[in-house]
Amino acid sequence: MPLIHRKKPTEKPSTPPSEEVVHDEDSQKKPHESSKSHHKKSNGGGKWSCIDSCCWFIGCVCVTWWFLLFLYNAMPASFPQYVTERITGPLPDPPGVKLKKEGLKAKHPVVFIPGIVTGGLELWEGKQCADGLFRKRLWGGTFGEVYKRPLCWVEHMSLDNETGLDPAGIRVRAVSGLVAADYFAPGYFVWAVLIANLAHIGYEEKNMYMAAYDWRLSFQNTEVRDQTLSRMKSNIELMVSTNGGKKAVIVPHSMGVLYFLHFMKWVEAPAPLGGGGGPDWCAKYIKAVMNIGGPFLGVPKAVAGLFSAEAKDVAVARAIAPGFLDTDIFRLQTLQHVMRMTRTWDSTMSMLPKGGDTIWGGLDWSPEKGHTCCGKKQKNNETCGEAGENGVSKKSPVNYGRMISFGKEVAEAAPSEINNIDFRGAVKGQSIPNHTCRDVWTEYHDMGIAGIKAIAEYKVYTAGEAIDLLHYVAPKMMARGAAHFSYGIADDLDDTKYQDPKYWSNPLETKLPNAPEMEIYSLYGVGIPTERAYVYKLNQSPDSCIPFQIFTSAHEEDEDSCLKAGVYNVDGDETVPVLSAGYMCAKAWRGKTRFNPSGIKTYIREYNHSPPANLLEGRGTQSGAHVDIMGNFALIEDIMRVAAGGNGSDIGHDQVHSGIFEWSERIDLKL
């Protein structure tokens, strides 16, 4: 084995002691300096770029997501309920569990009738831009196509502006089955909670039916195009015959209430306009109609929607970001596109206010005059209308009869101080400067500047004049709607003209069926500020295709003021005022009247709104809001008791928190 020779170290030259000291100090400094330079190099070489930061962030999100998903799947199913109960206290049993313990069982078949926008719509035929969307939901679900291809989506969701039916080459149809409207979007229930509770006492698809329809169409056109009314008639007859002859309980919601009013006239009318069921069909097949949030007499919100494509929340957003909503930024679906699309939906005209000034009031009066708006929740279950002495506000009364006012001063002025200049004779024709509006045609372009100014100079519009206003600003749309809907009050219900289907969804121009054993319920929420009248102004934006907008600066800081962001509020469920939801069952149909010749029993059940106490309660079990009320335990229990064989006396007759009976007495209508 070879030897390893070590090299002899070289000897250092001797140095003087003084030099040794200096050398030692330098040697102590050099390692320190070298470590600093090494640290600088490592820092410079390790500096993160933007891509590194993004990757790190995405990695953290993914790891956190997978960790939370692991915990969610690992924890017991009862853990979320345990946490909720520890924070809020024990949860009450759902109505289905409670009534099952009481021994209630499924008896009468139940039919659900969804309202506007809550039912899913899917594509069956479309243009090239919609490739890959066959039988995919265009409305409901995730709404993914709104973001991916907004203009294509608007084109396919619009109807033909002349016929109110399908445009050439496009077929969009209602989703069928209970899944059509159980959830509007993932996690946002509509009918799902009611369906689940009914299942607890034995209901299933053989005795539950979702009467889905294309809610964009006029009611009669759902039969012309899809035979929806015929299928509803056949399904009700089938369920009654296969359930031992037990009559059906009908549960319509929102616009579905008007749709079923139309159906009750259609089913008994002779063919070809009607279903040919005969005058006793409703008496034979229907036990009760339990209307939820029914806009029997229309909603002021429909006027604002057709006039300026706004409601309260949209108006606030438009005021904050006018450039985004009033111009076609990045080719997004902005306000003009919304108006172009919704004005092709005939169904929106079904919810315009009915009864004119007789029902909704005039320049100096309204049924709700003296109503007090409350900023804070009242004690002892009081609603806002009860806050003042004898339900009368100490402040100057709100003129709810003025549905549209141009300026806050006009809304508050005495009738003698208002100088109207009639808009009906104004000459149209001078073009609006913004010629890009032709790409998003809304009929305002054809009015001209003179016509637009004439509308503002008329200053104030009551409910009856608001219909005239819409005829002026959108004559083609309203002409199409006039063939399907009417908004008046019948003088003689025996007149043969009321056999026309356009009157069938107006309870003031039709009779209820001859079915004395049938019951009609009006179930709705109260205690939430609800749109009743609007303060408008001319839109000064040169880029806007919509010349009018809600004047959001018309506002009163007082917490108890009824005027907020250009909107006068009244009691209701946030969408439907109490007057519209309750008047027919409170007075016009109560007992034997010309509108209810057989004396069908009517009941009012109001549910005082109680918002969820915290986020863990979701949308709440005591909500009175227009859609959230579908999860209200008290409402669900009332419906289930009637479906299980009960009647109005079993659920406590009327339950009223608002001033509906007092307000109804102020309406001078021949009964």
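Keep in mind that glycine also has a Cβ here, set from the backbone N, Cα and C atoms.
Here Swiss-Prot flags S254 as active site, acyl-ester intermediate, drawing on sequence analysis. Here Swiss-Prot flags D573, H626 as active site, charge relay system, drawing on similarity to another entry. Under the heading compositional bias 'Basic and acidic residues', Swiss-Prot lists 20-36. As annotated by Swiss-Prot, N-linked glycosylation site applies to N161, N381, N434, N647, with the evidence given as sequence analysis. Here Swiss-Prot flags 1-46 as region 'Disordered'. Taken from Swiss-Prot, the feature topological domain 'Cytoplasmic' applies to 1-54, supported by sequence analysis. Marked as topological domain 'Lumenal' by Swiss-Prot: 76-671.
Structural mapping of features recorded in Swiss-Prot.
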residue: N161; record: N-linked glycosylation site; Cβ neighbours (10 Å): 15
residue: S254; record: active site, acyl-ester intermediate; Cβ neighbours (10 Å): 28
residue: D573; record: active site, charge relay system; Cβ neighbours (10 Å): 27
residue: H626; record: active site, charge relay system; Cβ neighbours (10 Å): 24
residue: N647; record: N-linked glycosylation site; Cβ neighbours (10 Å): 15
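Taken residue by residue with DSSP, D573 (active site, charge relay system) is part of a strand. Checked against S254 (active site, acyl-ester intermediate), the recorded positions N161, D573, N647 differ in C-alpha distance, with D573 being the nearest.
Close to H626 (active site, charge relay system), meaning Cα to Cα within 10 A, are the following recorded positions out of N161, D573, N647: D573.
The topological domain 'Lumenal' (76-671) scores a mean pLDDT of 88 in the predicted structure. Across the structure, D573 (active site, charge relay system) and N647 (N-linked glycosylation site) place their CA atoms 25 angstrom apart. It is 45 Å from the Cα atom of N647 (N-linked glycosylation site) to that of N161 (N-linked glycosylation site).
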